[in-house]
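Taken straight from Swiss-Prot:
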REPEAT    60-94  repeat 'PPR 1'
REPEAT    126-160  repeat 'PPR 3'
REPEAT    196-226  repeat 'PPR 5'
REPEAT    227-261  repeat 'PPR 6'
REPEAT    262-296  repeat 'PPR 7'
REPEAT    297-327  repeat 'PPR 8'
REGION    434-509  region 'Type E motif'
REGION    510-540  region 'Type E(+) motif'
REGION    541-635  region 'Type DYW motif'
Amino acid sequence: MLSPSLPRMNILGFTVNFLIRCKVLPRRSNTSSLSRNISVLASYDQEEVSPGRYSNEFSNRNLVHEILQLCARNGAVMEAKACHGKIIRIDLEGDVTLLNVLINAYSKCGFVELARQVFDGMLERSLVSWNTMIGLYTRNRMESEALDIFLEMRNEGFKFSEFTISSVLSACGVNCDALECKKLHCLSVKTCIDLNLYVGTALLDLYAKCGMIKDAVQVFESMQDKSSVTWSSMVAGYVQNKNYEEALLLYRRAQRMSLEQNQFTLSSVICACSNLAALIEGKQMHAVICKSGFGSNVFVASSAVDMYAKCGSLRESYIIFSEVQEKNLELWNTIISGFAKHARPKEVMILFEKMQQDGMHPNEVTFSSLLSVCGHTGLVEEGRRFFKLMRTTYGLSPNVVHYSCMVDILGRAGLLSEAYELIKSIPFDPTASIWGSLLASCRVYKNLELAEVAAEKLFELEPENAGNHVLLSNIYAANKQWEEIAKSRKLLRDCDVKKVRGKSWIDIKDKVHTFSVGESGHPRIREICSTLDNLVIKFRKFGYKPSVEHELHDVEIGKKEELLMQHSEKLALVFGLMCLPESSPVRIMKNLRICVDCHEFMKAASMATRRFIIVRDVNRFHHFSDGHCSCGDFW
């Protein structure tokens, strides 16, 4: 075994101090065999003796064992090295158990290479030795090394345990290695440990991280024993894969079984509520959080702050933020992002200043929110200032999000040529989000030349995204380029591009209702459509006129109007007007960008019904009130 590079030291002195520091020994200890054992251990440093003289002192080995465990808990690498040297000098290099504890101590201290040296020098290894090394590599995010040593373990004929497989599965989860996951699943089935609590939980967690949610569900449902961690992992898996409704249903199922709730489960459920704009259920979850004692937990608080902001309740979001005593950078970024999404620049700037006064240094996420709010509110010079500030003052390199925001800021201000020049100066290949920002601005200013440049790039980067074709067709329509519209439609058909089906959600009486374009499955759809017909007549008196020029189906105008009335956000709005009290705002979430016609419809609805309407689409929040929208008709 390799000896650690360490000078000879008085192990008695540092061991006593170390044990006192770790609260194993009292500061005044007159008795205890432990003190005697320290003296025995130290005596080896004081005189040259043969190890056999102390062969009866078994407690000496136990003391080294105990000190190493304390080293692991406290990250004390110097003490661990001293014990390593003592192990070599008193000829305990063949003690597998002691060496396993030494490997673990080096591991917990962050000294991976030293741990590997001890492992490689072992004359004999146990299952614990292999498991400790696999766990070490997994904790240090060294996935390849974890898989390699597992393969080495199998090649040497060692039988693995449930702990081995669960650790290797955790390693695969970092890079979402689906192939390795399948192999390990087969291996666990072959060795009859696939239904083990820890293996099953690790398997479903990995499948979910790899986007294989059906496989994760299959593993979950096949497990006879499930812990709170298992349930939490499955709920989180649904949320990671954007199956938010399924996450809420599973959580309710767990509640009926009176399972213990932890902060990770609660955060996942809160996240599901925020992405469904399910404010009522979100409030209920917040109450559960406070009752469970997690209200002051900064991790959970960040989820609650985000939920209220995404549901359009900024007041509640800020109250929760204010109540957290120890705020971290994530929490600051969450509240700043919340106000930015609602286009509240004044509050964003104030929070940014307070954040710095609190000793927090802004990061890339912070500047994404700052640039975003500048784009939503037309603050061109402020946007330029922040873009420069992040580089010169904070040494942050702008990423895709920052460049996309800057293109959006310039484009919204009509500075399309400058936005295009910025894109050409980007030190990496511009992404779809960057070209998409330029194309959206071209629609507003009817700039056909740059629109075609941006669209061509988008067709290359996102050949299956029908939204880009639709947006270009809208620009052609605005410029009365009917022949180009026909070509665009033909290209759309020839490429067999599938448009993402529009969906909208609305939370009514503790239940999330989902509407798709052309909805027919909702139990009250006939009543909704009848009410919609009557409302359209009413809204026309307030200036609403169907924007048939943006409906690209090659049909008669009457049919185009009919198709526009089938949009999911209109159906969700009508259902909300039917079911919610007149004093309640209507909150809707949409999975796509709200179309021009629906935007005009919402404006007319807010004026005709005197209701406050909030629509959260894929890009931003729209607050409709008295015939106006917070976006200023630019989105």
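Residue 1 is the first one shown; counting continues down the chain.
Cβ atoms here come from the backbone N, Cα and C positions, even for glycine.
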Ask   = Under an 8 Å Cβ to Cβ limit, what residues of the same chain, 6 or more beyond the ends of the region 'Type E(+) motif' (510-540), are close to it?
value = 245, 248, 276, 278, 280-281, 284, 501-504, 565-572, 574-575, 577-578, 601, 604-605, 608
Remark   = Summed over the repeat 'PPR 1' (60-94), the DSSP helix, strand and coil counts are 28 helix, 0 strand, 7 coil
Query = Under DSSP, the region 'Type DYW motif' (541-635) has how many residues in helix, strand and coil?
reply = 37 helix, 16 strand, 42 coil
